[in-house]
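Participant: Annotation comment: TrEMBL describes B:10-311 as domain 'FAD/NAD(P)-binding'. Per TrEMBL, the feature domain 'NADH-rubredoxin oxidoreductase C-terminal' maps to B:330-391. Residues or ranges marked as domain 'BFD-like [2Fe-2S]-binding' in TrEMBL: B:429-473. Taken from TrEMBL, the feature domain 'Nitrite/Sulfite reductase ferredoxin-like' covers B:577-637. Annotated domain 'Nitrite/sulphite reductase 4Fe-4S' per TrEMBL: B:649-788, in sequence order. Feature annotation from TrEMBL assigns [4Fe-4S] cluster binding site to B:C658, B:C664, B:C698, B:C702. What TrEMBL lists as siroheme binding site is B:C702.
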Amino acid sequence: MTLAPETTDLKIQLRLDNSADDWFTVCDLSLLLPGRGVAALLPDGRQAAIFRDRAGSLYAIDNRDPFGGAAVLSRGLTGTHQGRPYVASPLLKQRFDLESGRCLDDETVAVRAYEVRAAA
Amino acid sequence: MTATDGATPTIVLVGHGMVGQRFLEALAERGLTAAHRVVVLCEEPRPAYDRVALTSYFSGKTPEELSMTDMAFIEKEGIELHIGDPAETIDREAKRVTARSGLVVDYDVLVLATGSYPFVPPVPNKDARGCFVYRTIEDLLAIEEYASTRTTGAVVGGGLLGLEAAGALKGLGLTSHIVEFAPRLMPVQVDEGGGAALLRTIEDMGLSVHTGVGTQEIVVDEDGAVTGMKLSDGSELSADLVVFSAGVRPRDQLARESGLTVGERGGIAVDEQCRTVNDPHVFAIGECALASDGRVYGLVAPGYEQAETAAAAIAADEAEELTFTGADLSTKLKLLGVDVASFGDAHGTAEDCLDVVYSDSRSGLYKKLVIGRDGTLLGGILVGDAEAYGTLRAFTGTVPPVSPESLVLPAGAGGPVQLGPTALPDDAIICSCNNVRKGTIRGAVTEHNCTTVPEVKKCTKAGTTCGSCVKVLGQLVTAELEASGVVVDKGLCGCFSQTREELYEIVLALRINTYQDLLDRYGRDSAKGGDGCDVCKPAVGSIIASLAPTIGASGYVLDGEQAALQETNDHFLANLQKNGSYSVVPRIPGGEITPEGLIVIGEIARDFGLYTKITGGQRIDMFGARVEQLPLIWTRLVDAGFESGHAYGKSLRTVKSCVGQTWCRYGVQDSVRMAIDLELRYRGLRSPHKLKSAVSGCARECAEAQSKDFGIIATSGGWNLYVGGNGGATPRHADLLAQDLNDAELIKLIDRFLMFYIRTADRLERTSTWLERIPGGLDHVRDVVVEDSLGICEELESLMTAHVAHYRDEWADTINDPEKLSRFVSFVNAPDTPDPVVGFVPERDQIKPDLPLLSIGLRPADDVLEGSAQR
Ligand code: SRM
Ligand SMILES: Cc1cc2nc3c(=O)[nH]c(=O)nc-3n(C[C@H](O)[C@H](O)[C@H](O)COP(=O)(O)OP(=O)(O)OC[C@H]3O[C@@H](n4cnc5c(N)ncnc54)[C@H](O)[C@@H]3O)c2cc1C
Ligand code: SF4
Ligand code: FES
């Protein structure tokens, strides 16, 4: 794979392992449109869906829709439900909490959530 | 193997059907599952499912979606469920049941809920290959498989189930016959007049009906497969497939063999507690039971009541002494497109009762109410229009607050009177499947704080079975909320308290051209400054796009903030497929395409390995493109002169055409030219839902214009304009808006019509539902767009003129914009790497999505239409 050239100062970084100080640099912060997601390919072959809201906060969850199986959560519409940020899957519209990864429409389902930061 | 456990008393349930499952729930509600070992023997290869909704399998429900059994419930209650293991013998002396697998269970209480089996008349060759019954999911799977290679089907029996089965065969693409021994269809539920109206409707649907004849023999070929049947009047019918639906019989064999009393015509005899008359330790419930009133009930509602009764008797709960002494036999046909309902004493068997009948056989309408001497509504039959079923059924047994005539007369003839649900007495039964009264529903709102229909359904079980009461349920919940001072929120979503129509007016009047501005100024306080939601973002995005040139917004949906408002389809200007790939649909106006155009599409599809299909909209769809391929594909398409077909947008899809006057010997106008003109005029117009159109060159209507949002049919004097047609899930024939228009008049009227629709419709509301909903309906629309009664026609026309003048192909814009193009990648950090989850396997010389990983969960909503998933 070829990685995109990194040009600006602030980079989006994901923490791959919560117990370690293992931050993976994804791309420039400027590539993230508020209210819209992007997908990132992780070193282990997994995919993360990364979002930025209007206030500038960043979120990252697994990209794969556990209902439909396709890796498309990054392409869903985002919003706020009871004060919490979510993305609605573009396949069958189930909503996922962006902070915890929990599905708001089926409490038995959740996707992995990643810690994410913008760093120089 | 003997499975006993001396300490805890054991309840054994034989049969895990609809009633059996309800019985288990009733046990759990009474805490009996905690104090007992509960063993269930289930014959079918799957736990209880919704048999009432069986036919919806053919309209797309999966067996999983039909399931009524929550495995978490079974587990939590510690119920031992043995699937695919029927009871074979009962030893009442030893109080012991033996199942087919050899499993032996000793019981303290035995409950039989074995249901019915379909009755198959003893005609020769009744078991031939191609003969089926219609009772279980397995039956349906077998029918579906067999039907896939056949063309003609026949159903023996014209009752409720027979008609459902015939409708299903028709849905599978078979020419279908119905053979009914009685002189009319649905003899049990409807009378002669109703039968005549029903016959007309059924025949209009393309089913052939043969009444007053019996089936004498099934005819088979040398391989033993069905080829037809001989009828009692000497005639023969050819058919490749026969479904017997000639009634059901209680499954009482097991009970009979164990010495329990069964009725003369079958059914395990029980008393008012549903206890068998011979053995206090054995109960029978549901369709296998012969109730104390001497009847076997073939409906689910009485079965549910029996389940509750038996559970209460087992609990010996003195406070709750339930008895089952009889039940209501109301029914409504669930076959798509036919409205038939009967309720209460439909045949007027009560002494001295009177009938009120309204009948119009021309339009297939028949309505009869049975009224007692004192004005009490006793029952009735509705054919052709069962709109009032929910309310009338609830009024049964009471004197309705308005005259009975006004309840059955059609609009314009002095009726109908809208009976508000508030007029119903508290003990009126609203949901007869689950025996839920109005008082209970009100209580759910006032005491249990339910505020939505789904909450009330969960709390009371009302509306969870056949669904025919859900409409009245909704009215009641709204009325109750309003009565208790809650202002019922008609707002678009949690972010806006305005309706879509109100937001449109605000955007237009104040020239608001961004979503954030609208949200921050007019959103609910709690939503201001926030991120909005997935309901209002696309809705507002669509309003802004429709009005773009007028309010000074960019008409390009990927510009600035607008990109973040679009559903994924609009965002990538393509349709998302199940594996994460996309489809590509170039516009082919009017369905007319040059050989060169076809070749270009063919070459592109071949070069990118796409699956190609001729769509139902007279154009070509190429499936299986990865996001990063979309710009490459479109560069070639745009070079060849193609533009976006907006198959992804809530916007104009296709204007279909017939070949028309130019070639066809019947054609009276140039329908192809008109279709192309209209398609080019309205392309790219964002609207509350998709818009479809068609133009036919004469009244033969080969382009199916009357099923379109706006459809045009040529006349020798010009064009007739039809509006509000719809195919899809709830088809509607379009209404004639104006006749014999010339080209300019036609276009002017369509401009006004579309802009008025865009202005006033709700989100995701097609023109058909909009026309049905808005006060005054078609007459009002005609007043506004033809007579200009609101004085807005000039404005409507100028909005359309602005749209037409500013139209640009969004794919051409996109491939020329490097910043937008950079979004068409699978991975932001690896733009050249394709998404490995998107895979394909070969099928019929092309590809299809490879889905090994998919479907690990079930979708939660029962209604998942494009963009309209309900929550
Ligand atoms: C491709 C096509 C089927 C085909 O293989 O022929 C198709 C495919 C889809 N239809 Fe359709 N419909 C297609 C013709 C139709 C027709 C026939 C027609 O247009 O004459 C109808 C009935 C006519 C009508 O709409 O009144 C039709 C009624 C629907 C409906 C039900 C609409 C309704 O009002 O009930 C939906 C669901 C919705 O819109 O909510 C739907 C939704 C869909 C979606 C968009 C579902 C989705 O979100 O994935 C499908 C996606 C297509 C794709 O990925 O490219 N499709 N669909 C046809 C594309 C026509 C085209 O060239 O644009
Ligand atoms: C197509 C269709 C449409 C219908 N529409 C309606 C409607 O609109 N309204 C309405 O009220 N009713 C309707 N019904 C009828 C409704 O489905 C029945 O009234 C209801 O299912 C009865 O429930 P039950 O539990 O008594 O029987 P069932 O649901 O038939 O369940 C009995 C179960 O017991 C099992 N069983 C039998 N013997 C044994 C054994 N020895 N050991 C273990 N298991 C055994 C059977 O395999 C079956 O699974 C419809 C039925 C059909 C087929
Ligand atoms: S609608 Fe009329 S003009 Fe058009 S193809 Fe059919 S018969 Fe010919
Ligand atoms: S009447 Fe059937 S679900 Fe309510």
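Backbone N, Cα and C define each Cβ position, glycine as well.
All TrEMBL annotations are machine predictions without curation.
Any idea what these are sitting next to in the structure?
Facilitator: If you average pLDDT over the domain 'FAD/NAD(P)-binding' (B:10-311) in this model, you get 91.
For the domain 'Nitrite/sulphite reductase 4Fe-4S' (B:649-788), DSSP puts the residue distribution at 49 helix, 35 strand, 56 coil.
For B:C702 ([4Fe-4S] cluster binding site), the same-chain residues that are 6 or more apart in sequence and have a Cβ closer than 8 Å to its Cβ are B:C658, B:V659, B:S696.
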Participant: By a 10 A CB contact count over all chains shown, which of the binding-site residues listed here is most packed: B:C658, B:C664, B:C698?
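Facilitator: Max Cβ neighbours within 10 Å, all protein chains included: B:C658.
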